[in-house]
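J.: Got a structure here, written out as C-alpha cells. Questions coming.
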C-alpha cells in the first residue's frame, strides 16, 4: 500500500492527515493504560484475594488467564487489523478494555472477575498488536527509530506508576478502584484516538482469516504458557503442568502442518525463510528473556536474600526503569545517525554486561550500589536494543503486513517473558527442598538456615547464568545480521 500524503489532501480541501507525533501520543496513551493496569494488579492482588477469600488456584488464574488470552490472540488481532483496518480495530480494542475495566469493579465473585479479566485481555491483545504497527505506518522509515524510542521510553516508565498506584488505590479506596482507575483514562484515550488516528484503508488482502489456525495457535500457546507458569511455580510434575505440556506437544505440530498446507494461513511461514528476519526476531526473543527474568529475579533476591520488605524492594528496583526511560528515547534519536544494527548490538552487549556483573557479584552481602548498577545496565541496554531492533524489522515491512508481523513479534516477546520468568523461578529454587520453595515465591525466605540461604544464592547464580546465555545469543544474532538497520523506504503492497 502506498503511504498517504497529507499535502495533496490539503490542496483539495480535505482534512490533513494527523502528524506522526500526534499519532504516537494516541498509541502511547492507550498502551500505557494497558501496561499500568498490569502492574497495579500485581501489587493489589493480595487485597483482591482476601476480599473474595480465593484459593491459590483461582488467585493464580486471575493473572494467568489474562496472560494466556492476550498472548494467544496477538497474532489473530494483528491479522484482523491488516484485513479490517487498524484504526477501527484499535478503537474497538480500547473500548473493550475500558468497558471491561468498569464491569470488573462490580464483579460479585472471583470467577466473574477472572472472566472479565479475560475480556480485558481480548482488548489488550488488539492494543498491543496494533500499537507499534500504527506508529510504523505514521513515521517515515528514516525517522521510525525516533518515534519508537519515545514510545518504548514511556512504556518503560509504567513500572514507576503502576505499583505505587495499585498499592495506594487498593488500601485507600478499595480493590475495585484498581480497575475503575482505568475508566476515565480509557475514555480520554478513546476520544483522542477517534479524532487523531488517520482513516487509512486496510492494506491487507480480504482473504478469509484462518480460524482453524487461530484455534490451534491459541491452543499450543496456552499449553506452553500453562506448562511454564505452573511448572516454574508449583513443579513440573503437577497435573496442570503435564496437561499443558501434552496440549503443546499435540497442537504445535498440528499448527505447523496447518500453516504449511492452508490456502490462507494465519502465519506466513515464508517470513522465516528470510535469514535476517529470523535473526532479528531471535535476538528480540532472547533479549526479552534476559530483561524480564532479571527484573523478577532481582525483586525476589532483594526480599529473600537481602531481607527487604516488598515496599523497600519496589523502591530498590526503580533505578532500572528510570534509567531505561531516559536511555530508550535517546537510542531512538540516535537511530537517525547511527546504523540500527550498531544500536542493537551495543544495547544488547550493555545488557549482557549487566547480567554478567550480577552473576559475578550477587551474594548475601552484595552492596546495594552494585545491585543498582546491574539493574541500570540491563535496563539501558535492553531499552536501546529494543528501539534499534524493532525499527529495523518494521521499516522494511509493507504497510498491509504491519499488523500480522507486529502481532508475531509481540507474541514472541510475550512468550519470552513467560519463559524467562518460569525458568528463572525454577532455577532459583532448584537447590531448595520442595517445602522451602514457597518461601521464595512469596519473596520471604527468612526461615531458611544459613546453609539453605547459601543454596538459594547458588540457585540465583544458575538463573543468572541462563539469562546471560540468552543475552549472549541476542548479541550474537544482532552482530551477524548484517542487513539489520538499513534505512530503506517501506515497500508498497501489491495487488
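Along the chain as shown, residues are numbered 1 onward.
Keep in mind that glycine also has a Cβ here, set from the backbone N, Cα and C atoms.
Note that TrEMBL annotation is computational and uncurated.
For reference, TrEMBL lists these features for the protein:
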type	residues	note
TRANSMEM	21-45	transmembrane segment
DOMAIN	23-483	domain 'Major facilitator superfamily (MFS) profile'
TRANSMEM	51-76	transmembrane segment
TRANSMEM	88-108	transmembrane segment
TRANSMEM	114-136	transmembrane segment
TRANSMEM	175-197	transmembrane segment
TRANSMEM	209-228	transmembrane segment
TRANSMEM	279-301	transmembrane segment
TRANSMEM	313-335	transmembrane segment
TRANSMEM	342-362	transmembrane segment
TRANSMEM	368-394	transmembrane segment
TRANSMEM	415-434	transmembrane segment
TRANSMEM	463-480	transmembrane segment
J.: By a Cβ-Cβ criterion of under 8 Å, what residues six or more beyond either terminus of the transmembrane segment (175-197) are in contact with it?
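T.: Answer is 18, 22-23, 25-26, 29-30, 33, 37, 40-41, 44, 47-48, 51, 86-87, 90-91, 94-95, 97-98, 101-102, 104-106, 134, 165-166, 169.
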J.: Would you mind listing the long-range same-chain contacts of the transmembrane segment (114-136), meaning Cβ under 8 Å and 6+ residues beyond its ends?
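T.: Distal contacts: 20, 23-24, 26-27, 30-31, 34, 37, 58, 61-62, 65-78, 81, 86-87, 89-90, 92-98, 100-101, 103-104, 107, 144, 147-148, 151, 197, 390, 394-395, 397, 402-403, 405-407, 409-410, 490.
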J.: Give the nonlocal contacts of the transmembrane segment (209-228) in its own chain as ranges (CB under 8 Å, at least six residues past its ends).
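T.: That would be 64, 67-68, 71-73, 75-76, 79-80, 83, 236, 240-241, 243-249, 251-252, 254-255, 258-259, 262, 264-267, 411, 415, 418-419, 421-423.
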J.: Are the transmembrane segment (313-335) and the transmembrane segment (368-394) close enough that 3 or more Cβ pairs fall under 8 Å, when only pairs 6 or more apart in sequence count?
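T.: Counting Cβ pairs under 8 Å, at least 3, so yes.
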J.: Are there 3 or more C-beta pairs under 8 Å linking the transmembrane segment (21-45) with the transmembrane segment (342-362), counting only pairs at least 6 apart in sequence?
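T.: As far as Cβ distances go (cut-off 8 Å, pairs 6 or more apart), the transmembrane segment (342-362) and the transmembrane segment (21-45) do not touch.
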J.: With Cβ-Cβ distances below 8 Å as the criterion, list the same-chain residues six or more beyond the ends of the transmembrane segment (21-45) that contact it, or say none.
T.: 59, 62-63, 66, 90, 94, 97, 101, 120, 124, 127-128, 130-132, 134-135, 138-139, 147, 150-151, 154-155, 157-159, 161-163, 165-167, 169-170, 175, 178-179, 181-182, 185-186, 188-189, 192-193, 196-198, 314
J.: For the transmembrane segment (279-301) and the transmembrane segment (313-335), does the number of C-beta pairs under 8 Å, pairs 6 or more apart in sequence, reach 3 or more?
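T.: As far as Cβ distances go (cut-off 8 Å, pairs 6 or more apart), the transmembrane segment (279-301) and the transmembrane segment (313-335) touch.
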J.: Summarise the model confidence on the domain 'Major facilitator superfamily (MFS) profile' (23-483) as a single mean pLDDT, whole number.
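T.: 82, rounded to a whole number.
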J.: Give residue numbers and ranges for long-range contacts of the transmembrane segment (463-480): same chain, 6 or more residues beyond its ends, CB-CB under 8 A.
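T.: Counting only partners 6 or more residues beyond its ends, the transmembrane segment (463-480) has Cβ contacts under 8 Å with 279-280, 282-287, 289-290, 293-294, 297, 341, 344-345, 348-349, 351-352, 355-356, 358-359, 362, 385, 389, 420, 423-424, 427-428.
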